[in-house]
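Trainee: Here it is, the structure, as structure tokens.
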Amino acid sequence: MLKRVTTWLADYAANDDPLAAAGNLVALVLAGNQPFYPLYVVLVAGTEGLPWALLTMISLPFFFAVPALARRHPRLGRLALALITTINTVFCSWVLGEPSGTELFLLPCAALAGLLFWPSERLLMLPLAGLPVGAFWLLHGRYGAPPHLYSPEAYSGLLTMNAVSAGTVSIFLGIVFSRLYAAPKP
């Protein structure tokens, strides 16, 4: 059963465009982690933030749809992934509050947007890579009150969790995209 699911996911992520295939893998890993993130929040910050913490899963179907979109339009799939990651991060930053450190995920969002495009697509890549930076610049300190305010101790734990997670995502991106150095461009 597990082998069938793994094979199906690998086939679903496959794409003739190596950057789209790498982006599809990233999208599926992010989709697979979405249901666990609220659990991490509860473990670190307690249950007082429920049901609001469950809103952090709202982007799951969008991440899961990226490979289907990329199958028909590889560039559009890559573009969608760059947008979805940034929008998800901004939304979760509001849901959990700025002190949670969720904005730190804007850094791997910018890196991902920079990695998803070929050198000939720089005019598309630059605004998408700049979007997370612009989102931070425009929104930091201006999100407004989140649906639930956590205690200072809970926010400290969330900040640590999100800093480690954003770093881990960045490392994962390096691993996934470094495999493409030997891959031919379509």
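Heads up, the Cβ atoms here are built off N, Cα and C, so glycines get one too.
Here's the feature list from TrEMBL:
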| type | residues | note |
| --- | --- | --- |
| DOMAIN | 41-170 | domain 'Adenylate cyclase MASE7' |
| TRANSMEM | 49-69 | transmembrane segment |
| TRANSMEM | 76-96 | transmembrane segment |
| TRANSMEM | 102-118 | transmembrane segment |
| TRANSMEM | 123-139 | transmembrane segment |
| TRANSMEM | 159-182 | transmembrane segment |
Trainee: Which residue counts does DSSP give the domain 'Adenylate cyclase MASE7' (41-170) for helix, strand and coil?
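Mentor: Summed over the domain 'Adenylate cyclase MASE7' (41-170), the classes give 107 helix, 0 strand, 23 coil.
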Trainee: Per-residue pLDDT averaged over the domain 'Adenylate cyclase MASE7' (41-170) comes to what?
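Mentor: Here the mean pLDDT over the domain 'Adenylate cyclase MASE7' (41-170) amounts to 98.
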Trainee: Looking at the transmembrane segment (123-139) and the transmembrane segment (76-96), are there 3+ C-beta pairs under 8 A, with each pair at least 6 apart in sequence?
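Mentor: Yes, since the transmembrane segment (123-139) and the transmembrane segment (76-96) share at least 3 Cβ pairs closer than 8 Å, they count as touching.
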Trainee: Going along the chain, which residues at least six beyond the ends of the transmembrane segment (159-182) come within the CB cut-off of under 8 Å?
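Mentor: Hits for the transmembrane segment (159-182): 18-19, 22, 25-26, 29, 40-41, 44, 99-102, 104-105, 107-108, 111-112, 115.
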